[in-house]
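Trainee: Here TrEMBL flags 132-173, 260-294 as repeat 'WD'. Feature annotation from TrEMBL assigns region 'Disordered' to 302-352. Here TrEMBL flags 311-322 as compositional bias 'Acidic residues'. Annotation comment: TrEMBL describes 328-340 as compositional bias 'Low complexity'. Annotation comment: TrEMBL describes 343-352 as compositional bias 'Polar residues'.
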Amino acid sequence: MEASLGEIPFGIDFHPSKELVAVSLITGDLHLYKYNTDNSSLQRCLDCHAHAESCRTVRFINGGQAVATGSKDCSILATDVETGSVIARLENAHENAINSLINLTESTVASGDDEGCIKVWDTRQRSCSGSFNAHEDYVSDMSFVPDSMKLLTTSGDGTLSVCNLRSYKIQTRSEFSEDELTSVVVMKNGRKVICGSQGGTLLLYSWGFFKDCSDRFVDLSPNSVEAMLKLDEDRLITGTENGLISLVGILPNRIIQPIAEHSEYPVEGLAFSHDRRFLGSISHDQMLKLWDLNDILQSSENTVKGQDASSDSDSDGMDVDDNPPRSTKGTKTKNANKGAGFSGSNNFFADL
């Protein structure tokens, strides 16, 4: 299934229970599409101009009743999924352009901006709960670990940060890598953190040993790893700058099989449907594509699983760093395409 978006997309997310997919566009528009599994069709059911500038990120919130978008214009918008009406808008949610959003719990979301600031929003208390000055360049991706209440974030400054959501302190921050870090997932039952990079290498960190990576997968691609999705504890799906989507095994590190070629342009985003039957991809070719994963999963389900992550040897100790390293790195390559304390406006979710 595929649909022409008409403009370059930046964000994609699937509804948590319905056959709906949301896409945010460079024009500031938000599109919702309904996909039909019977006749393999995509039908646009909502088209609204959400932001004055590019709409970089999108997430369904509140159990799918609303969809939140973040923009280069520094605002966050909540839109009603059924009616398309504006539920609430927070102007100047960040001091800089917003680049990423993530759901944390049923009542909290986090947002990251171009200068490395991350804010946590509580929809139940209708306020900004806290913030982290986690990076010195754009926040490229975030991954939430509910068991430990940690938020892992990657950035264009080449670092991985671990944010403690209980104390609202940065627990630790990695050394600076040679490339911008573009994406992050947690695998191996929480024992490994995988980061994609602009140089195409996957960096593997052992949990608790975040200063430096314990392993590198250098044979994946010479192109930037633009997006990653965790399929299970041993496999992930990558989207790269050359338009390829691949199924990748971790420990042992290997390319299991190519899934698809979206286009010759960079894969901007990947997402799973609520039942994981479909993989959604967006690219600079201005197309939304949905790939049926059933055949792919059936063909690879008997693949030999990776070796136990505990066999990795890490010589450094547990990292808890109250003074993370500083650097002047940060080329903002992604910002060229996409356009620190609390904001005074804390009533964004008053109507949710």
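Yeah, the Cβs are placed from backbone N, Cα and C, and that goes for glycine too.
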Trainee: Can you work out the mean pLDDT of the predicted model over the repeat 'WD' (260-294)?
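Mentor: It averages 95.
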Trainee: Of the residues in the repeat 'WD' (260-294), how many are helix, strand and coil by DSSP?
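Mentor: Taking each residue of the repeat 'WD' (260-294) in turn, the totals are 1 helix, 20 strand, 14 coil.
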